[in-house]
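Student: My questions will all concern the structure given below.
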Amino acid sequence: MGFDVLLDQVGGMGRFQICLIAFFCITNILLFPNIVLENFTAFTPSHRCWVPLLDNDTVSDNDTGTLSKDDLLRISIPLDSNLRPQKCQRFIHPQWQLLHLNGTFPNTNEPDTEPCVDGWVYDRSSFLSTIVTEWDLVCESQSLKSMVQSLFMAGSLLGGLIYGHLSDRVGRKIICKLCFLQLAISNTCAAFAPTFLVYCILRFLAGFSTMTILGNTFILSLEWTLPRSRSMTIMVLLCSYSVGQMLLGGLAFAIQDWHILQLTVSTPIIVLFLSSWKMVESARWLIINNQLDEGLKELRRVAHINGKKNTEETLTTELVRSTMKKELDAVRIKTSIFSLFRAPKLRMRVFGLCFVRFAITVPFYGLILNLQHLGSNVSLFQILCGAVTFTARCVSLLTLNHMGRRISQILFTFPVGLFILVNTFLPQEMQILRVVLATLGIGSVSAASNSASVHHNELVPTILRSTVAGINAVSGRTGAALAPLLMTLMAYSPHLPWISYGVFPILAVPVILLLPETRDLPLPNTIQDVENDRKDSRNIKQEDTCMKVTQF
C-alpha cells in the first residue's frame, strides 16, 4: 500500500521503531499485572469461624483447662466431608462430648450449628492481608470476589468500545495519555479504598483504561512497521506480557500486604504518564485523516531518528499526496461504525474476529484468574505461567512466519480445549498431571492469543482499525468478564466452569478457517482495500514472484 512505500523510505525497522517498541514493552510489563492483580490482592486463604474458646483473648486457661488447640477446635467447629473444619459453620454451644468419641454420632443427635456470626479467622501464612480478609468476602459473600474481577473486565469492555472509537476520531496519542492518567489515579486510590464499593468502582475505572492502553500499543506498533517485521513486533509485545506476569509473581512473593502490593503496581504508571508526552502519533492515521502536514512532520522526525537524512529532505506534501492518492481519495467518503455493516467482506471479518476473540479470551482469563484452583503456591505458579507463556509466544512466531496466520491459530487453539477438558475430569490426587495440563493449556492459549492478535490487526483497515479493535475488544472483554462469573457455576457442579472453558476454543476452529490469510500482505488502509482483497492479494503475489525472479 502507499504508506508502506513512505515508511520504507524513512526506515521500516530502525532506531525509532526499536525505541518505540522498547517503550511499549516497558508499558506492557508494568500494566499487565493490573489485569491479574486479584490473583493476589483477592487471594482467599484458609479460614474458619471465630469462636470464643479459641479466639477470645479474655478467655483464660482456667476456662479451657489443659485442652489443646486441636481439641478446642473439635468441640467448636463441625467437620466437613473431608474431615476438615468447616469454613462457614460453627457449633452454637461447645460439644464437650466429642472429646470422648472416636467417630461420629448419629444424625438424630447432631448438634445445632450457626453461620459465622462473629466473623472469621484467616490463615495469614501466605498473605498478611487481602481484600478477602479485609471485607470478609467468604461464605455467603464469596461471589463478590468474582464480581470484582468481572467489574474490571466490564470496565475494559466499555473502555475499548468508547476509547477505541475516540482513538480513530482524535488520535491514538491523546487517548493513551488520558488513559495513563486515569489508570494512575484510579489504581493508586484503590489501595486506600475505605469500603468494598469504592474499591469496586476504582477497579472498574482502572479496567476502563488498562486495555485501551494495551490495545493502542499494538496499533501504534503495527502502523509504524512494515509487513515483514509485523509478526516479530507483535511477538515481542506479547512476550512483554509474560514478563509482566513473572514480575507480579515475584512482587507478590515478596509483598504480602495487598495495600502495598497495589501501590507497588500502581505508582510506576505515573512515570509512564509523564513519559507518554514524548510519544509520536501514527503518521498513517494522520495522513488517512487528511492531516498531511502533521503526518509529514512525524515522517520527517522518524527519518531523522533512523538516520535517513536524504529522505528527510526529499519528503514533501506532494510526494505524500501522490504516493497515497488512492487511500486519500477513498477516505473522502465519510466513514463511521455503520460503514462496517455496508461492506459485506469487512462485516463478515468483524463477526468472525469477534467470535474468535471471545472464544480464546474465556479460557485465557478463566485460567490465569483462577490460579488458586490450579496450584497451592500461587506466586510460584504465576511465575511458571509467565515463563511458559513467554516460550509459547516465541514458538508462535515461528508458526506465524512459516505456516501462516490461520494454521498457527488452529494449531494452538484446538489443544487448549482438549487440555482443559481432560484436566477437568482428572482426580484431585493426580496433582502433578493436573498442573502439567493446566500449564500446557495456559501456554497454548497464550500462543493462540498471540497468533490471533497478529491476524486480527492485519484484517481491518487503518481508517477503522481502532473502531474495529474496540468492537473486537468488546467481545474479548465480554469473555474476560464472563470467565470469573462462570466460576459461580461450581455451586452446581465443580466441573461446569471448566467444561465451559474447554468448549469455546474448540468451537472457534471452524470460524478461523473462514478468515482470509494475511501473511506477508500489506495492511489495508481503506474499506475498499478490504473489499478488493482478492484482487490486490493476487497482484501482490505476482509482484513478489517477479521480484524473486529478477533476483537471479
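Glycine is no exception: its Cβ is also placed from the backbone N, Cα and C atoms.
According to Swiss-Prot, the feature transmembrane segment maps to 16-36, 146-166, 178-200, 204-226, 234-254, 260-280, 350-370, 380-400, 407-427, 435-455, 474-492, 496-516, an assignment based on sequence analysis.
Have a look at these and tell me how they're positioned relative to everything else.
Tutor: Beyond the transmembrane segment (204-226), the same-chain residues lying 6 or more positions past its ends with a Cβ under 8 Å from any Cβ of the stretch are 4, 7-8, 12-13, 16-17, 20-21, 24, 27-28, 31-32, 34-35, 151-156, 158-160, 163-164, 167, 172, 175-176, 178-180, 182-183, 186-187, 190, 233-234, 237, 279-280, 282-285, 302, 453, 457-458, 462, 465-466, 469-470, 473, 477, 523.
Cβ atoms under 8 Å from those of the transmembrane segment (234-254) belong to residues 21, 24-26, 28-33, 36-37, 39-40, 217-218, 221-222, 261, 264-265, 368, 378-383, 385-387, 389-390, 393-394, 396-397, 400, 446, 449-450, 453-454, 457 of the same chain, restricted to positions at least 6 beyond its ends.
Long-range contacts of the transmembrane segment (350-370) within its own chain (CB-CB distance under 8 A, at least 6 residues past either end) are made by residues 36, 38-39, 149, 153, 245, 340, 385, 409, 413, 416-417, 420, 438, 441-442, 445-446, 448-449, 452, 456, 459-460, 468, 471-480, 482-484, 486-487, 497-498, 500-502, 504-505, 507-508, 511-512, 514-515.
Sequence-distant contacts of the transmembrane segment (380-400) (same chain, six or more residues past either end, CB-CB distance under 8 Å): 36, 39-40, 231-232, 235, 238-239, 241-250, 252-253, 368, 371, 374, 407-408, 411-412, 435, 439-440, 442-444, 446-448, 450-451, 454, 519.
Nonlocal intrachain contacts for the transmembrane segment (496-516), taken as residues 6+ away from its ends with a CB within less than 8 angstroms of a stretch CB, comprise 348-349, 352-353, 355-356, 358-360, 362-363, 366-367, 405-406, 409-410, 413-414, 416-421, 423-424, 445, 448, 455, 459, 479, 483, 486-487, 489-490, 533, 537.
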Student: Could you give the residue numbers and ranges of same-chain residues that sit at least 6 residues beyond the transmembrane segment (178-200) on either side and whose C-beta is under 8 angstroms from one of its C-beta atoms?
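Tutor: Non-local partners: 31, 34, 131, 135, 137, 144, 147-148, 151, 159, 163, 206, 208-210, 212-213, 216, 259-260, 262-263, 265-267, 269-270, 272-273, 276.
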Student: Could you tell me what the rest of the chain brings near the transmembrane segment (16-36), counting residues at least six beyond its ends with Cβ under 8 Å?
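Tutor: Counting only partners 6 or more residues beyond its ends, the transmembrane segment (16-36) has Cβ contacts under 8 Å with 152, 183, 187, 206, 210-211, 213-214, 217, 220-221, 224-225, 229, 233, 236-237, 240-241, 243-245, 247-248, 251, 265-266, 268-269, 272, 275, 279-280, 301-302, 305-306, 368-369, 382.
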